[in-house]
Amino acid sequence: MVKMIVGLGNPGSKYDNTKHNIGFMAIDTIVKNLDINFTEEKNFKALVGSTFINQEKIYFVKPVTFMNNSGIAVKALLTYYNISIQDLIVIYDDLDMEVGKIRFRQKGSAGGHNGIKSIISHIGTQEFDRIKIGIGRPKQGMTVINHVLGKFDQDDDITIKNTLNKVDNAVNYYLQMKNFEKTMQKYNG
């Protein structure tokens, strides 16, 4: 069995630690604790790291296509490594959830998220597992684009660190249990 866990974000240091890059931040937290290094897979437009957990190959992916084209990298890697859509998890930001909240979902629409729209368009289904991380709504007078491409407020630093650790724990629980539904029950909150 092979699994692929994808964190969404935008490439380049200009986007480091922005709200829209919380998926990249989550992947970075997970792989750091597993001592995995990324290599750039130019053919797939992604940074990819891998390891074995319980005799399963696990790929950790950060597409470098920019958010709105994430589906290009996801589809290419699923096809190349012959990974089932049932073995895909995507981690990304959600405007409609308060900062630091986590929600696990087994399927659903893109909900206005362009990275998820791209993935759905390229793989041809909404039926894949996801972990949404709340980044909150823009403050009065701020545009959505400035909000998602902005950094978290200093007041949110501890919340975000705790959230990333919770996502790390949840992903590791999932990889041990091999059951997304049980992970949802334990970590949705």
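Numbering starts at 1 and runs along the chain as it is shown here.
Positions of Cβ are set from backbone N, Cα and C atoms, glycine also.
What Swiss-Prot records for the tRNA site is Y15, F66, N68, and among N114, N146, N162, N165 the residue it adds there is N114. All chains included, 17 other C-beta atoms sit within 10 angstroms of the C-beta of F66 (tRNA binding site).
On a Cα basis, N10 (site 'Discriminates between blocked and unblocked aminoacyl-tRNA') lies 8 Å away from H20 (active site, proton acceptor). Around Y15 (tRNA binding site), the same-chain residues at least 6 positions away in sequence with a Cβ under 8 Å from its Cβ are G9, N21, L149. D93 (site 'Stabilizes the basic form of H active site to accept a proton') counts 24 other C-beta atoms within 10 Å of its own C-beta, drawing on all protein chains shown.
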